[in-house]
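Each remark here refers to the structure printed beneath this line.
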Amino acid sequence: MIKVSDLVIPTINDLELQNKKVLLRIDVNSPVDKNTGKLLDDSRIKAHSITIKELLKKGNSIVLISHQGRPGDDDFISLKEHSLLLSKYVGTEIEFVEDIIGPYAVEKIKKLDNKGVIMLENIRLMSEELIEAPPQQHAKSFLIKKLSPLFDAYVNDSFSAAHRSQPSLVGFPLVLPSAAGIVMEKEVSALSKIFNYEDSPKIFVLGGGKVNDTLKIIENLIKNRVADRILTGGLVAELFAVAKGINLGKKNMQVLENKGLLSLVPRARKMLLSGAPIEIPVDFVTEQENSQTLEEPTSNLKGTIKDIGNTTIEMYSSFIKESKVVVLRGPMGVIEDERFRRGSKALLTSAVEGPGYVIIGGGHMISMIDKNIQINENKVHVSTGGGALLLFLAGEKLPVLESLHLSWVVRSGKS
């Protein structure tokens, strides 16, 4: 069992999954080359191989369901290539079935031998899969009524889709014994540390350009008194600097205005006035009109902000090294330009080398850690959550976790 907030989530170890027929919901949704239709990244596909191997080890037969893209989009393609890649990573043949609930798919599922694995076609070919509704409603959907009688258990390994409330994600737990897969378990276990008050001090390093999303996270952290310090970078830091009454110079104010962020200043000021432990950079790396880069104090900026400065790096790093939990979401600077990656790289390195447990929101951030640094997987978690991670940090309920908890309540008789 995993406990997160007030939810109890069963894991595959809590179900007697031995020689059973298991429906496994995974999330292999991957970026696709528009010209060739080929997958550009298979990291999500590879991640799920662990859960499949564990279920096969116990003699279970597995039917995989997942989605890829949305109808009408360039990345809305078949799951055939996904099944081939999964076969490679699992080390066993995974048969692709070009059907979902038709007679062909039903026959294949019924005839599946122990330790056999098949993958059904893109679940979003079914129009009802695009409907967002409560688990109780989806439990009565055609998909669930058609497939659930064919299985002994349902396992959901799709944390990256946990913010969706669609039939294949939340409908089955009300009609089948259900549990979280290993990918889901790792994600939820890691994130549960964020709201565990014993794991303190907690440092949140929040940057990037998604300012409105980040403000929601900060508001939730303030409400629940979770963060000991919130270290800001990127446009988030610029917004809080303005909210503090600091003049960032005409160019930087223009950037904030062009992005429509000045309207958020009163909201940011309210957070500062609440006494929230929000830190802003004391210096920045800026780009001048002649493309020269300089380090300038926050109180006297001439150039355009591109990264946090050395003094800020040292200050932020000292906070990070004293923490028990570090959550990093969003870069400190314009990382698309090699010249402005230093702040993000330095803080990532401090976190990974420090004593605390590290949660990195967004796999792209991990690529900036120096390759010479040994990453201890027991203390560093790279979340694949995306939208689910954002909503979790912002205090929103995740329908997939709610449905798995509901399954546990129904089957255990507890609440």
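Each residue, glycine too, has its Cβ placed from N, Cα and C.
Not measured: the values here are computed from a predicted model.
Listed features, source Swiss-Prot:
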- ASP27, VAL28, ASN29, ARG44, HIS67, GLN68, GLY69, ARG70, ARG124, ARG164: substrate binding site (BINDING)
- GLU336, GLY362, GLY363, HIS364, MET365: ATP binding site (BINDING)
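Fewest other C-beta atoms within 10 Å: among the binding-site residues ASP27, GLU336, that description fits GLU336. By a simple count of nearby Cβ atoms, those within 10 Å, the most crowded of the binding-site residues ASN29, HIS67, GLY69, ARG124 is HIS67. Taken residue by residue with DSSP, ARG124 (substrate binding site) is part of a helix.
Proximity to GLU336 (ATP binding site), judged by a C-alpha distance within 10 Å, picks out none of the binding-site residues ASP27, ASN29, HIS67, GLY69, ARG124.
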